[in-house]
């Protein structure tokens with residue numbers, strides 16, 4: 001795990017450097033400012049992710065890349081173009097395979113694309129003076145390690161980071177165009193089509209309906225989810241029942257971590273509500289949706305519902321520092337953040353106990369010279 005700890009420490013240090021150079025992270029036009037520390041941060045994270053040869057299901061993606069059909073053959077098969085079969089991702093893979101047989105370039109290209117978009121998002125929505133803490137949470141809650149696993153989903157998630165500003169600004173055409181692009185990369189991303197329904201104040205009547213619906217599904221899990229799977233199958237999206245009713249339940253410790261921000265946003269609601277603009281409301285509601293999926297994952301289908309939860313977890317990453325800054329005075333907030341960092345570090349160490357046995361990579365020299 002030492003290698004993961006080192007890249008985490010280096011990334012947080014570079015984020016702190018960027019934070020010192022420009023506390024807000026934005027230029028005069030309100031756009032993300034790319035200083036030297038931000039660029040180096042992207043380089044460090046991209047290299048660690050892009051140089052991997054194995055971690056989680058990385059080898060499955062490598063095999064898929066090696067076996068990818070030429071673009072012409074891919075496009076000639078109507079089944080490949082089914083919008084519920086991730087056609088855009090496989091088209092990109094097919095195109096990349098036609099250009100090169102080097103899977104290292106394939107993984108590196110996705111790593112660079114995704115890292116740039118995620119860091120841009122974190123910088124944009126990190127509360128002023130909290131970029132380093134936000135980057136730490138990004139690692140601690142598991143987004144970075146997940147980015148080296150589910151390539152389709154993480155790429156779709158990266159595209160969705162472009163959709164959030166459009167949602168905040170009510171640019172509906174741009175928002176839904178990006179949701180469609182993300183959905184063509186990974187079908188689950190289409191769930192963001194419903195996020196505009198949760199752009200109001202968190203813990204209002206819509207949140208309560210969502211919570212009640214989640215509890216109802218938990219109480220009737222097999223019947224309700226079975227009916228949803230049958231409907232999805234009739235629409236052409238087949239989800240094998242063994243993926244949902246596999247007996248795998250989400251670890252309560254992990255669910256508790258995802259519950260931190262939603263619970264704090266409820267407890268400190270009187271202090272937060274006056275300053276909850278549209279941006280904060282959307283991010284806080286994302287954290288609540290993430291928790292709801294994790295609660296379902298406690299019942300069964302931990303892999304599927306856990307993946308759905310991760311689509312929304314960036315809301316928690318970006319709002320925790322803001323909640324602490326608003327709920328406590330500056331001195332107390334710093335102490336609470338330190339305690340939070342210690343707790344999240346404990347989860348990070350627990351969650352990545354077997355990382356060194358699962359992660360393999362080539363060196364930068366081997367990548368450049370093909371050694």
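Easy rule for this one: first residue shown is 1, then count along the chain.
Yeah, the Cβs are placed from backbone N, Cα and C, and that goes for glycine too.
Note that the coordinates shown come from a computational prediction; the quantities given were computed from them, not determined experimentally.
Some features that TrEMBL has for this protein:
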- 33-51: transmembrane segment (TRANSMEM)
- 103-122: transmembrane segment (TRANSMEM)
- 131-155: transmembrane segment (TRANSMEM)
- 175-195: transmembrane segment (TRANSMEM)
- 207-232: transmembrane segment (TRANSMEM)
- 252-271: transmembrane segment (TRANSMEM)
- 283-302: transmembrane segment (TRANSMEM)
- 308-328: transmembrane segment (TRANSMEM)
- 335-350: transmembrane segment (TRANSMEM)
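By the Cβ criterion (under 8 Å, sequence separation of 6 or more), the transmembrane segment (131-155) is not in contact with the transmembrane segment (207-232), since fewer than 3 such pairs are found. Counted over residue pairs 6 or more apart, the CB atoms of the transmembrane segment (175-195) and the transmembrane segment (308-328) come under 8 Å in at least three pairs, which marks the two as touching. Contact between the transmembrane segment (252-271) and the transmembrane segment (103-122) does not hold: fewer than three of their C-beta pairs are under 8 Å, each pair 6 or more apart in sequence. Distant neighbours of the transmembrane segment (283-302): 125, 195, 198-200, 202-203, 207, 210-211, 214, 217-218, 221, 225, 243-250, 252, 254-255, 258-259, 261-262, 265, 276, 308-316, 318-319; these residues of the same chain sit at least 6 beyond its ends, with a Cβ under 8 Å from one of its Cβ atoms. The transmembrane segment (308-328) is not in contact with the transmembrane segment (207-232), judged by fewer than 3 CB-CB distances under 8 Å for residue pairs 6 or more apart in sequence. Within the chain carrying the transmembrane segment (103-122), a Cβ under 8 angstroms from the stretch's Cβ atoms is held by residues 32, 38, 41-42, 45-47, 49-53, 58, 61-62, 65-66, 93, 96-97, 131, 134-135, 138, 143, 147, 151, 154-155, 157-159, 161-162, 164, 314, 317-318, 362, 367, all 6 or more beyond its ends.
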